[in-house]
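Chemist: A single structure is presented below for examination.
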Amino acid sequence: MIVKNTPGSSAGAGSGQFHQYRMQRRREYFRLKHMESEIYEEQKQKEWIDNRNKRIQEEDLKRQARSKKRAKKKQRLNNSKAAKKQKTEHSTTDNQPQQDQEPQLPNQEQQDPQEPEPKETPQEPNQEQQDQEPPQQTSSNPPPPEATHNPNT
């Protein structure tokens, strides 16, 4: 501890000098204590930041691992769906009889020379056909907006 401007024990020091010395000593002790507390707080803050960065890195590693796991699961699901689809396509093509016909171009229509061309007559839908619901969508697209139910409206 260093106390500035302290009078010595010489004959010139009066009784008022003691109070000045005591106040300077208190200020110096307070300054030293304050410096120590700042150093302690800085150390605590640094430790907290280090621990926080460590936790963030661990969480990132876990997040990446879970992401990889989800991607693998999605890939397996897509592969199994593709395999099932491919299997069903092969089974349907195997069940169909093979025909020994010439390949037909898309622009040519296949007609039997003995049969006349059928004429299409427009039919009025009967009551049973009108009561039936339209076929359900089989694609993965969502239904149109007017068909969705929104409880907030």
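Quick reminder: no glycine exception, Cβ is built from N, Cα and C everywhere.
What you see is a predicted model, and the numbers here were worked out from it, not measured in a lab.
In case it helps, TrEMBL gives these features for our protein:
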- 1-20: region 'Disordered' (REGION)
- 40-153: region 'Disordered' (REGION)
- 40-63: compositional bias 'Basic and acidic residues' (COMPBIAS)
- 64-85: compositional bias 'Basic residues' (COMPBIAS)
- 93-113: compositional bias 'Low complexity' (COMPBIAS)
- 123-140: compositional bias 'Low complexity' (COMPBIAS)
Chemist: Could you break down the residues of the compositional bias 'Basic residues' (64-85) into DSSP helix, strand and coil, giving a count for each?
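Modeler: Across the compositional bias 'Basic residues' (64-85), the residues distribute as 22 helix, 0 strand, 0 coil.
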Chemist: Could you give the number of helix, strand and coil residues in the compositional bias 'Basic and acidic residues' (40-63) as assigned by DSSP?
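Modeler: The compositional bias 'Basic and acidic residues' (40-63) comes out at 24 helix, 0 strand, 0 coil.
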